Each structure stands twice: as C-alpha cells, then as structure tokens.
Amino acid sequence: MEVDVIKWNNKEVVDLLQRDKISSHIIDVCRSQDIDGKCLLSFIDRDFYEYPFDQLKLGERKRFILLVKKLQKKNRASMFELGLCEDPVFYNPATNINFLGTNLSHLSYNLHNQLQNELSYSRNTDCISNFTPDAKASKLKPEVWKTCIALGYVFLVTWVTAVVMVIVHDKVPDMKKYPPLPDLFLDNVPHIPWAFDMCEITGSLLMAIWVIVLFFHKHRFIILRRFFALAGTVFLLRCFTMLITSLSVPGSHLKCGPRFYPPADDLTVWGRRLRQAYEIWSGAGMSVRGVRTCGDYMFSGHTVALTLLNFFITEYTSRSLYLLHILTWVMNMFGIFFILAAHEHYSIDVFVAFYITSRLFLYYHTLSNNQALMQNDSSRTRIWFPLLSFFESEVDGIVPNEYEGPMTILSNLRQWLLQLVTDVKTSSMAKIAGSKLQEGAAMGEYSVVKLVDGIKRNLSLIEEYKNSRQRLVTLDKNIQATMLEELPEAELRLRAAPGLRAERPRPPGDAPPPPEPAPPPTQKKTI
C-alpha cells in the first residue's frame with residue numbers, strides 16, 4: 001500500500017490514521033484540511049507544531065510524527081520523484097550527510113522558538129529538512145563594499161604572510177646540526193622531484209573551476225567575501241604558527257639556509273627583506289613562478305589553498321553535480337599526496353592544515369546558515385567571530401545555489417554600468433548645483449553685509465546730524481546771551497518799556513525835549 005502513497009486521497013489517509021489509532025482530533029484536522037498522500041510526504045518538522053496541529057498533546061503529536069516519518073522513510077523514492085529529497089542512491093540517511101560533497105544545507109535547522117527542547121531528534125531524521133522553506137535566506141544583498149573590504153583584508157594578510165616567510169627563512173635551523181625529523185610518511189615514500197609542481201598545477205585547476213562557479217553564480221559577491229574572509233583568517237593563523245616554532249628541513253634534497261646580507265644598517269637590511277617579500281607575494285608563493293622558501297612548514301599553505309577551493313566548489317554547486325564533487329575531492333587528496341611525495345612538508349603540517357581549514361569552513365557556514373545561533377549569543381559571536389558578524393549581518397539563512405546565464409550576466413553588467421554612469425552624472429550635477437548654491441549664498445552674504453554696512457553708515461550720519469543740530473542750538477543760545485550782557489542798562493530799560501515813554505503827557509508851552517545823544521557805538525564781541 002505504501003508503494004502507491006502518492007496516489008492516496010484524503011479517505012485513504014484517514015483510514016491509515018484510524019488503523020494506527022491516531023488521535024481523533026488529528027483525524028478530524030486531516031479530514032477538514034484535505035490532506036492526501038502527497039501532503040503527508042511533504043510534511044516538515046514545523047508542520048507538526050503550527051496550526052492546525054498546535055493544540056495537540058505531547059503524546060498525540062509524537063505518535064503522529066513517528067507515523068509520518070516512518071511513511072516518508074519507506075517512500076523515499078516517491079519523495080525524490082516529488083523533489084522533496086536528494087537522490088537516495090547517493091544519500092546516506094544514517095548520517096544525514098552527503099558524502100560526495102560538503103554542502104551544509106543539512107546543518108541548517110529551523111530553530112523555531114517552540115521547538116528548542118523537542119526537536120533534538122531532527123539531526124538524524126530524513127532528508128526533507130532540506131525542504132524547509134525558512135532555511136533559505138530571505139534577504140541577500142550583494143554589498144559589494146563588504147566584498148572590497150574582504151579583498152583588502154586578504155591582500156593585507158598575504159603581504160604579512162610573505163614578510164613572515166622571509167623572517168622564518170632567515171632563522172631556519174642548520175641542516176647539518178638538525179637533520180629531518182622522523183616522519184611516518186616521508187620515511188616510507190621516496191622523493192619525487194616533480195611532485196610539488198604537480199601539486200601547484202592541481203591547485204591551479206581547482207582555482208579555474210572556482211572562478212567559473214563564481215562567474216555564473218547569482219550571489220557571487222556573498223560567497224566571494226566568504227572565501228576572502230576564511231582564506232585571510234587561516235593564513236593569518238599560519239603566520240603565528242610559523243613564527244612560534246621553527247622545524248628542521250624535512251628533506252635532505254632541499255638547500256636551505258639563512259640568507260647572507262652584506263654589512264649594512266638595519267634600514268637597508270629590512271629594505272632587502274621587503275623586496276624579497278614582494279617577490280613571494282607577487283608570485284603567490286608558488287615554486288612554478290620561481291618562489292623558493294624554507295622554514296614555513298607549520299602548517300602547509302598549499303594544503304590550505306587546495307582544501308578551501310575544494311570545499312567552496314562543493315558547497316556552492318548543486319548536489320546533482322556529484323561527478324564534479326568527486327573530481328574536486330580527488331584533486332584535493334592528490335594535491336596533498338604530491339606535497340608529501342615532494343618532501344616539502346612534514347605529515348603533521350598537512351594534517352593540521354586540512355583540519356584547521358575544514359573546521360573553520362564548517363563553523364563559519366554553520367553559524368551563517370543559522371542566524372538564530374548568532375542572535376542567541378551575539379556578544380560572544382562578535383568577540384570570537386568578528387568577521388562573521390560583520391560580513392553576514394545582512395544574510396539570514398542559506399545562500400541558494402542559483403546561477404545566471406551569460407546573457408543575464410551581460411544584461412546585469414550593462415544595467416550596472418548605466419546605473420553607475422547615472423550616479424556619476426547625478427553626483428556631478430549635485431556638485432555643480434552645490435557650488436552654484438554656495439556662490440549664491442556667498443553673494444547673498446556679501447549683499448547682506450553691504451546692506452548692514454550702509455544701514456550703519458546712515459545711522460551714524462543721522463546721529464552726527466542730531467549732534468550737529470544740538471551744537472548749533474546751543475551756540476545760538478550762547479550768542480544771544482552774550483549780546484544781552486553787553487547792552488547798557490538804560491537801553492535795556494527803554495527796550496523793556498518803550499510804551500511808557502510815548503504815553504507820558506507833555507504840558508502846554510513846554511518845548512520838546514532835546515533829542516538824546518546817540519549812544520556811542522559798541523563793538524561787537526567776536527565769538
């Protein structure tokens with residue numbers, strides 16, 4: 001009966017629930033919600049806890065979950081046909097891990113606030129956890145400026161690594177005094193002269209595949225800054241391990257020894273060291289480009305590069321490309337074998353490099369795919385994973401593996417260039433308008449200053465006019481007072497009463513009085 005589960009209708013689902021003595025409430029819900037066989041196969045963890053199953057008792061819910069999980073496990077082929085599961089041939093349900101790659105979508109759990117104590121079993125359940133819709137990111141901003149910061153970070157770290165490689169080369173132990181250390185692999189595998197070049201060729205092929213994946217991936221800027229952040233962090237850690245302990249040269253075929261510097265001051269010596277560091281940095285530390293260094297053994301930088309490229313290719317390509325995943329894993333392992341066969345590193349160098357790189361990759365992607373883990377302990381995450389908190393602040397889930405064709409890429413590039421030209425024109429026009437506005441403001445300010453100065457001058461003229469008028473009035477009063485003081489008292493008396501003298505009667509027969517003598521002329525006082 002389970003073979004035709006896709007064709008089940010609602011009545012057959014109800015019959016199954018009744019035969020297994022599932023709660024009548026669940027049966028009523030399935031009947032009212034018209035749940036058929038396809039719906040049962042597509043059930044995900046959160047469906048058992050949300051409406052209309054949110055009011056179930058614990059025992060009812062558990063029995064219903066066990067029934068649905070058992071049904072899904074028996075009908076894995078039908079689920080694959082519906083697109084709810086990966087190919088059962090290449091999927092290991094016992095471990096819930098895709099052994100052909102490192103795709104971490106199975107590590108993203110739906111950390112619902114009601115499921116924190118009840119979903120401990122979900123880590124070993126079937127593959128439909130990949131179908132959880134909330135696991136995909138809802139906001140995926142390119143944030144090119146963050147990618148540029150990550151690029152600058154990896155450039156800085158690689159330059160520091162080159163400087164450290166020069167320093168440790170100058171302090172490499174004497175090969176006569178310190179022979180190669182015992183090594184299980186190196187002691188039993190003969191030296192192959194061309195093996196190290198093959199390792200670098202393998203790494204170049206992996207890099208070419210990774211560039212192609214980046215070119216066609218829709219979210220290329222997000223995964224590119226993840227690649228830069230992880231690469232920079234691992235190589236920065238390598239700088240410390242190289243400086244802390246200097247291991248003896250692993251192979252007698254290597255001609256290693258401290259560089260000889262002619263007598264000179266410290267500034268000249270460091271100038272030569274920086275020139276050698278630039279040669280290492282520009283050559284990417286590859287022997288095929290003429291870079292030969294000693295002392296940088298703990299841990300292997302070539303293994304770091306091979307492992308990072310392998311993990312990123314398998315993570316950001318579809319699981320259906322299992323042949324590509326097999327190829328990248330084989331290239332990764334063969335690259336490590338070539339490093340050891342060339343006797344360029346100890347076995348512990350390669351092992352530590354692979355372990356640290358893979359663990360950092362898994363930790364980074366587990367936290368970035370589960371924002372709930374970051375939010376529950378955000379302060380600790382910011383302290384221990386500062387780059388993760390900064391670069392993944394706008395990514396709230398798994399980055400889907402979506403790709404763009406060449407025409408779409410060219411169209412997006414054309415739109416981006418047009419937008420860039422528009423922004424440049426807008427910014428230039430804004431600058432011109434701002435300069436004109438500043439000129440107008442300056443002219444207005446100049447006019448206001450001139451107006452204020454004119455008003456001040458007019459006010460000062462008015463004040464000066466008032467003062468002059470006051471002085472003239474005072475001067476006039478002084479002149480009048482001075483003239484009155486200099487007149488004779490008789491004339492003042494006559495001027496005071498001229499009518500009295502005209503009205504006095506004259507007796508008849510009296511002769512008119514002689515005219516008064518004219519007063520002597522008075523001299524006016526010059527003021």
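Note that Cβ sites are derived from N, Cα and C of the backbone, with glycine treated the same way.
Nobody curates TrEMBL annotations by hand; they come from automatic prediction.
Residues or ranges marked as transmembrane segment in TrEMBL: 148-168, 194-216, 228-249, 297-314, 321-340, 346-364. According to TrEMBL, the domain 'Sphingomyelin synthase-like' annotation covers 293-366. Per TrEMBL, region 'Disordered' is recorded for 494-527. Feature annotation from TrEMBL assigns compositional bias 'Pro residues' to 508-527.
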Stretch among 194-216, 228-249, 297-314, 321-340, 346-364 sharing the most Cβ pairs under 8 Å with the transmembrane segment (148-168) | 228-249
Confidence summary for the domain 'Sphingomyelin synthase-like' (293-366), mean pLDDT rounded = 94
Residue counts for the domain 'Sphingomyelin synthase-like' (293-366) under DSSP, helix then strand then coil, are 55 helix, 0 strand, 19 coil
